[in-house]
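Asks: Here you go, one structure.
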Amino acid sequence: MGEEAAKSSEAEESGNSVVVVVPLQESESTAMRTIPIEDSSSSTKSSPSWCTPIRLLVIFCVINMLNYIDRGVIASNGVNGDRKTCDKSGACTAGTGIQGAFDLNNFEDGVLSSAFMVGLLVASPIFASLAKSHNPFRLIGVGLAVWTLATAGCGGSFNYWSIAVCRMLVGVGEASFISLAAPFIDDSAPPAQKTAWLALFYMCIPTGIAIGYVYGGLVGNHLGWRYAFFGEAILMLPFAVLGFVMKPLQLKGFNEAAKTLTLVETVEPVSGVKEVLEGKGDVPVRHGQLSGKISTRTSLSKRALRQISRFWKDMKVLLLDKVYLVNVLGYVAYTFVIGAYSYWGPKAGYSIYQMTNADMTFGGITIICGIIGTLAGGFFLDRISSTINNAFKLLSGATIVGGVLCFASFCFKSMYGFIAFFAFGQLFLFAAQAPVNFVCLHCVTPSLRPISMAMSTVAIHIFGDVPSAPLVGLLQDHLKNWRNTALILTSIFSVAAGVWFIGVFLHSVDRFDEEEIEEDNADTVKSSTTKTLVEENPKRVEPSGP
């Protein structure tokens, strides 16, 4: 036993292993095994040398852009198309795009646009919760692989329900990226430019939608709507592969995952273990690492229950956070309008102002104003000091100004007056993108950021753009006047601005640098216990007697 202890001490000095004591069931033997473990102090430095923060930002921006190109594609007239129509004399014109291929009315078409949200809403909290037990970067790779296959499936769909199912799977694939990419960027960004980096990332939302309008219109009109989806899948495939082949990165607040051990196989007996358990031997442990009792058998059902329990504990923290709730409620109202704009905008513009190429017009306005507005919002918040209180001031002010300008734009009978006011309104509205996500990331502790982003995404979609597309389609079917429909929709921006204005008066604390002790699963060892043991004896821990 003395020789083994000496060897373990040498391993401890080398920083490559830790000795753990594993009690098995009464009918089985008990064993002690030295298990390699990663040093937590180096976990944040484990990224490959070529993956610099700038490169990581660029990769994530391109992936985010492809996600939103898909949303622009399915909303474009070239891909979405029109239903078959017949005049009073019985002469009919063939339908085009998805609507024509599957003979969809406006409500069915709106439901199809929101179908991918179903997968997104279900999978987002699951991926965020799994990030505590699985590497977040690998989870992104899994999600992108699902997205690639599902998008290709949209192009090969044969009826309404087949494309609806594929759209749901697109949402499942996007879920991992939506909840985990922003925390990675927040970790990598320089302290004085965090909101600016988030602005660059969220700038890809309007840019992607705008490119999707243009891309969908060109490919749909020249090659057919199916080829637009096939092209998206080909573009995303290299990034899906990268998620599996690149050395995984680690998130701030999740370094404890590198220090926890789980044994799933039965450990063979080792001489001297009985004496250790009876208090007659020493258990050498490495300073700053773990020693404890680890269960060798944990059923899948128990792990699932622990995962659910952890999820509900995190949810309770979020639901009791007034700053988080106000931020998300304002975001819901904001997204309700933006989501309907992105889907029905080209069709409304064509109907109200007889735009000869509504896809190009709305695409151009969105891409220019989206880039400038999003970047301006991020850089402006950094300039005035990126605090949660300042973020709420910017959110409420920019949204009310942008909403008034957009409302006025739909009152113009001239197309040029509409374009001018609508463009200025979009500049102010897109300025909210970075600040609202900055609040989501910084009003919670680091380990809660993925679930914070996931639940924010779930809320803004399930109460925002998921119902808005079909509801606006239903409203238009009733009013049969796109101008009145657009005015009613735009007035909802005042609700978003009012809710965010309440946030200005709330007590807020930036929790980015706060540390917390995570409650690990029963088959892992708590880091807090290790800390106490090590402080008592940094080299050896005396096990208690029988």
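A Cβ is built for glycine as well, from the same backbone N, Cα and C atoms used for every other residue.
Positions annotated as compositional bias 'Basic and acidic residues' by TrEMBL: 533-546. Annotation source TrEMBL lists domain 'Major facilitator superfamily (MFS) profile' at 56-515. The region 'Disordered' annotation in TrEMBL covers 518-546. According to TrEMBL, the feature transmembrane segment maps to 111-130, 137-161, 197-215, 227-246, 323-344, 364-382, 394-412, 418-441, 453-474, 486-506.
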Asks: Which stretch from 137-161, 197-215, 323-344, 418-441, 453-474 shares the most C-beta pairs under 8 Å with the transmembrane segment (364-382)?
Replies: 418-441
Asks: Who are the chain neighbours of the transmembrane segment (418-441) in space, where the CB to CB distance is under 8 Å and they lie at least 6 residues beyond its ends?
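Replies: Beyond its ends, the transmembrane segment (418-441) has Cβ neighbours at 182-183, 186, 194-196, 198-199, 202-203, 205-206, 323-324, 327-328, 330-331, 334, 338, 352-353, 361, 365-366, 368-370, 372-374, 376-378, 380-381, 386, 388, 391-392, 394-395, 398-399, 401-406, 408-410, 412, 449, 452-453, 456, 493, 503, 512.
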Asks: Any contact between the transmembrane segment (137-161) and the transmembrane segment (394-412), i.e. 3 or more CB pairs below 8 Å with pairs at least 6 residues apart?
Replies: no
Asks: Is it true that the transmembrane segment (394-412) and the transmembrane segment (111-130) have 3 or more CB pairs under 8 Å, sequence gap of 6 or more?
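Replies: They are not in contact.
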